[in-house]
Each structure stands twice: as structure tokens, then as C-alpha cells.
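Participant: The annotation active site, nucleophile is assigned in TrEMBL to C2. Residues annotated as domain 'Glutamine amidotransferase type-2' in TrEMBL: 2-219. Here TrEMBL flags 287-432, 465-606 as domain 'SIS'. Sequence annotations record features per position, and here TrEMBL assigns active site, for Fru-6P isomerization activity to K611.
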Amino acid sequence: MCGIVGGVAERNITAILIEGLKRLEYRGYDSAGFAVIDDDGVLQRLRRVGKVAELDQAQQQEPLAGRLGIAHTRWATHGAPSERNAHPHFSGGELAVVHNGIIENHEALRHQLKGLGYVFTSETDTEVIVHLLDHKLKMFGDLADALKAAVKELHGAYGLSVINAAQPDRLLAARSGSPLVIGLGLGENFLASDQLALRQVTDRFMYLEEGDIAEIRRDSVQIWDAAGQLVERETAQYHEGAEAADKGEYRHFMLKEIHEQPKVVQRTLEGRLGDRQVLVQAFGPQAAELFAKVRNVQIVACGTSYHAGMVARYWLEELAGIPCQVEVASEFRYRKVVVQPDTLFVTISQSGETADSLAALRNAKARTEGEGRYLASLAICNVGISSLVRESDLTLLTQAGPEIGVASTKAFTTQLVGLLLLTLSLGQVRGTLSSALEAELVDELRRLPTRLGEALAMDATVEKISEHFAEKHHTLFLGRGAQYPVAMEGALKLKEISYIHAEAYPAGELKHGPLALVDADMPVVTVAPNNELLEKLKSNLQEVRARGGELIVFADREAGIEDGEGTFIVSMPHIHDVLAPILYTLPLQLLSYYVAVLRGTDVDQPRNLAKSVTVE
Ligand code: M6R
């Protein structure tokens with residue numbers, strides 16, 4: 001989704017802006033641009049549809065230089081991807097704005113500003129911000145005062161940055177619903193929507209909070225909070241993530257991230273396992289007391305994170321004996337829900353900035369006693385400084401490290417680990433899980449990184465299997481029990497990056513409709529661990545073969561499913577059934593990756609998608 005980079009320095013910052021945009025490419029975008037104030041005090045701009053590389057090339061052909069500038073990657077919401085809709089947007093020749101988020105009252109503001117004589121050159125909601133700001137600047141004279149007045153009239157979400165040719169020593173920023181971070185340098189300061197964009201220039205960061213307005217100069221930063229009070233925000237040193245910035249030996253970030261899973265699962269477990277027990281305090285000092293009161297769990301998330309929640313439902317009900325509901329955030333946030341007493345509200349998110357998940361959390365927290373309130377909120381999240389983490393009562397940080405590929409891989413498996421730790425903690429504290437089973441699962445969790453490594457060793461086998469899909473247009477994914485959400489995740493991965501239509505079904509549902517689709521052109525992918533549902537699954541597979549369907553089965557090596565005509569078996573390491581969803585995810589990730597490579601798609605930045613969906 002959209003990205004922002006800005007800076008004010010003694011040196012020309014054009015290359016820093018472009019490098020910052022390149023580092024934000026993983027978020028997904030369709031056009032890019034930047035504006036600088038040059039040494040003659042003139043506001044200059046360059047914008048291009050397509051990749052940052054094209055913007056970079058254009059910049060090399062007609063170089064623009066400046067010591068103050070803002071840059072942006074746009075993911076179209078209002079108005080098609082085009083040069084005139086790309087940011088920065090100007091008002092007159094002096095004022096420029098870049099913006100992430102959506103201004104919901106843009107139509108009313110546009111109407112009002114047109115009445116004041118402003119002429120609009122784009123279809124974006126962002127352009128109302130820059131004209132509104134110009135209007136306020138004429139009233140107040142000072143850019144910070146104008147911004148403070150302008151944001152009061154904006155409804156919706158924004159992370160924005162402004163420069164003004166008439167005040168060329170300052171970079172202004174405002175945050176409400178869309179993250180911004182200030183990067184602190186020596187005699188120069190920067191701004192971005194994600195600190196990854198600024199790792200090239202600094203490792204010291206200051207995170208803006210909701211409602212903050214910042215005035216950033218070369219040697220100072222001033223921040224006003226939502227109430228207009230001058231405030232200090234903490235400075236944090238950033239260590240994590242240096243390794244994430246390059247692909248190393250791998251062709252794509254996605255493949256690198258798939259292969260990182262044994263390591264990041266290990267990190268997610270570190271410090272959270274005792275000898276025979278999960279350490280409940282991993283969820284925070286008050287977790288044990290709170291968990292003892294939990295009688296229900298409500299999980300809310302989007303996309304891959306939602307699938308992690310679906311797996312957790314099987315675990316929570318089976319192992320901890322707690323009723324659990326799971327819902328996609330975009331539905332949950334607009335639904336009138338009935339809250340069961342003592343419900344723990346759990347959000348799951350890689351980024352912690354997904355607009356729907358955040359809105360669902362805020363709705364949940366806003367519930368009053370009378371309407372039925374949640375006992376507490378817990379975020380399972382990969383980004384410690386995210387809004388979701390800051391606004392939740394309890395947190396479990398997954399330790400996946402920055403995930404660059406738009407298709408989520410290591411974030412999912414570390415979420416599953418976090419959710420299993422939650423299940424075991426709830427079972428332990430509430431006395432619903434036997435200590436023998438908890439000890440057995442703790443042991444299994446310790447062995448999990450090794451098992452994941454064994455599954456990844458099948459990389460070449462899966463690559464070979466991927467050839468079956470290169471020319472196909474549709475695929476079915478089947479699983480039973482906790483493997484059904486794994487099948488859903490496998491189908492999501494395949495459609496996201498290979499653009500092949502893929503649907504997942506619980507295998508037992510096949511004969512209730514989807515079997516009609518099965519023929520020789522419809523490969524059916526199945527995950528088959530050796531569990532109590534195996535015999536039933538085998539019958540479902542017979543149903544497919546009998547209709548001429550080609551089967552690709554990821555099966556436990558002891559499952560007794562044989563290779564045969566039209567049946568391709570990939571033998572999986574044996575694993576405890578509870579942990580099987582984590583292990584069986586890996587070959588499905590590899591499968592979608594290799595199919596996408598064969599089809600020549602943009603694996604790390606698939607079309608139309610954004611890494612972090614910060615708008616509705
Ligand atoms: O950052 P989040 O986990 O909240 O993101 C949720 C979804 O947008 C995300 O999982 C999306 O579905 C991925 N592209 C899946 O690969």
C-alpha cells in the first residue's frame with residue numbers, strides 16, 4: 001500500500017528519497033513520485049506510473065536536486081493509476097503533499113474548495129488536503145499552524161507530509177490512522193511510513209502517535225499531540241531488519257522468507273518455553289490472572305492471519321476446551337455482535353496496521369458494560385511498534401522479522417506458533433489441559449524448527465510437482481480438521497502470486513457440490529497427515545480419482561497413500577498431529593512459489609496487492 005519518504009538535510013536528498021521508495025516497494029503500489037525544493041527555492045516534481053526504477057531512470061535523465069523533499073508510492077484508491085493521480089500533489093507552485101490513507105469527506109471538501117476558486121487536477125482524495133492547507137496557510141501564514149487547522153477538517157485516515165517553497169527549512173507531518181516515523185540523523189532528519197525506508201540513513205527513530213503533528217528541521221524536531229500540546233516522543237534504536245533488506249542467495253524475498261521459517265519459529269519460541277510448560281508471562285505480567293477468567297475467545301483478522309485464527313479455533317476448543325469464534329475483520333467490524341461473558345478478544349496481524357483489524361479492535365474496546373464488554377484484548381503481531389500492539393491490553397510478538405514478500409509466509413507459521421502458545425497457556429491456567437499433554441507438546445514445539453527444516457529439504461521435489469500447474473486455470477485444495485484452514489492458506493497463496501483460481505474445501509464437502517468441477521484439468525491438492533481423519537480423507541481422494549481428477553497429496557510418510565496413475569505423493573516427515581498444520585503449510589508455500597516462477601509473475605509484488613492494507 002502507499003509509502004511515504006521525506007527528508008530535510010544539508011545535502012541533496014533526491015537519491016535518499018528514491019532509495020527509500022525502493023525499500024517500500026514490497027508494500028505494493030502502482031505509481032511513484034517525489035518533489036523537492038531546489039536551490040533557487042523552486043518546487044519541482046517528477047512522477048511516473050509503474051515501478052520506482054522508472055522514476056529513477058526519469059530522474060537520471062532530468063535530474064532534480066534539493067535539500068528538502070517528499071516522495072511517495074501510490075496504491076490507487078480514488079482515481080486510476082496515472083501520472084496526474086500520483087503524489088506529490090500541489091496547490092499553486094509552492095505547496096506539496098504526500099498522503100497515505102483515505103479522506104472520507106473528500107467530496108464535501110472538494111465542493112467547498114472549488115467554491116473558493118481552487119482548481120483540481122486529479123481524481124484523488126489527497127488533492128483536497130493540499131488545497132485546504134493552502135487555504136489555511138493564507139489565513140495563518142505559518143505552515144505548522146495551517147496544518148493544525150487543516151487536519152481538524154479531515155475525516156478518515158491519514159499519514160501525510162507537506163513541504164512549502166516559501167518555508168524551505170521545514171518538513172511537516174501529521175498522523176491519524178496511518179503510521180509515520182521520524183528518522184534522526186546528524187544535522188539532517190527524515191520521515192517515512194515505515195522505518196525500513198530509512199535504514200540507509202539512520203538507525204534512530206521516533207514514532208509518531210495518533211493525532212501527532214510534527215515539524216521536522218535539519219537540527220530539531222517538534223511534536224504536538226492531538227490536544228495541541230508540545231510533547232516528547234521516545235527515541236528508539238533499530239537493530240532488527242538489516243538482514244531483511246536483501247535477498248541474499250535467493251531469487252525472491254518470498255523464497256528467502258519461506259526458508260527462514262525454522263529460524264524465526266525458533267526465535268518465536270525463545271524464552272517462552274519452560275521445561276514442561278509454556279511460560280504464560282510471555283503474554284505479559286497480568287496474563288495469568290486474566291487468562292484464568294477467560295471463558296470464550298473471539299479471534300478477528302484478515303487474509304492469511306485469518307487463516308491462522310481458523311487453525312487456532314481447532315486448538316483452543318480441542319486442547320483448552322474454550323469455545324472460540326473466528327471472523328474476518330471487515331465483516332466483524334460492521335456487525336452487531338453478541339459478546340459472551342468473559343471473552344478474550346484476539347487480533348492477529350503481521351503488520352499491526354491493517355485498517356479493518358484495527359477498526360475491529362477499536363470497536364471491541366469501545367463496547368460499554370451494558371452492551372457486553374470484552375474481558376481484555378490480545379494482539380498476536382509481528383511489529384512491536386504497530387498501532388495494534390499499542391492499543392491492545394496484551395501482546396505476543398511473533399519474531400518473524402520484516403516480511404518483504406507481499407505473500408505472507410513466515411508471518412503465518414510464527415502466528416501459528418504464537419496461537420499454540422496461547423492455547424497451551426489458557427489450558428494450563430484454566431486447568432483444562434493435562435500437564436502430561438502440555439509437556440509432550442512443549443517437547444514437540446522444541447523439535448519443530450528441525451521438522452520444518454526437513455520439510456524444506458523437499459524444495460526440489462515440490463518444484464518438480466509445480467510443472468503440473470503451469471498451464472492450469474483452476475485448482476482445488478482439500479483438507480480436513482485443522483488442515484482445512486491450511487488448505488485455505490495454500491489456495492490463497494496460489495491465487496495471490498500465480499493468478500490461478502484456487503478454492504479450498506473441507507474434503508468432506510466435496511461431494512456436496514465442488515466434485516462437479518473435477519476433471520483432468522483441475523488438479524486437486526491435498527494435505528494428509530496421519531491422523532484419525534486419514535481414512536475418511538482417503539475415501540474423498542478416491543472420489544476425485546474416479547472422476548479423472550489429478551491428485552497431488554502431501555502425505556505423512558506412514559499414511560499408506562501410494563503413488564499411482566494420476567496420483568502424486570509427496571512424503572512428509574512424521575509430526576505430532578497438533579503441530580501438523582504448521583509443517584504442512586510449508587510445501588504449499590513452496591508449491592505456489594514455484595508455480596508463480598514458472599508462470600513468470602511478479603512473485604514478491606503480485607499485481608493489485610499491497611503488503612499492508614491500511615485502507616478499508
Ligand atoms: O498485516 P496483516 O497480517 O494484518 O495482513 C492481513 C492480510 O492483508 C494479509 O495476510 C494478506 O492476506 C497477505 N497478502 C496474504 O499473503
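Every residue number used here counts from 1 along the chain in the order it is shown.
Backbone N, Cα and C define each Cβ position, glycine as well.
These figures come from a predicted structure and were not determined experimentally.
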Participant: Is it possible to list how many residues within the domain 'SIS' (287-432) are helical, extended or coil according to DSSP?
Facilitator: 64 helix, 28 strand, 54 coil
Participant: How many helix, strand and coil residues does the domain 'SIS' (465-606) contain under DSSP?
Facilitator: 66 helix, 30 strand, 46 coil
Participant: Give me the Cα-Cα distance between C2 (active site, nucleophile) and K611 (active site, for Fru-6P isomerization activity), rounded to a whole Å.
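Facilitator: That separation, Cα to Cα, works out to 10 Å.
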Participant: Please classify the secondary structure at K611 (active site, for Fru-6P isomerization activity) using three-state DSSP.
Facilitator: coil
Participant: Can you see whether DSSP assigns the residue listed as 'active site, nucleophile' to helix, strand or coil?
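Facilitator: SS state of the residue listed as 'active site, nucleophile' = coil.
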Participant: Note down the number of other Cβ atoms within 10 Å of the Cβ of C2 (active site, nucleophile), including every protein chain shown.
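Facilitator: Neighbour count, Cβ to Cβ under the 10 Å cut-off: 28.
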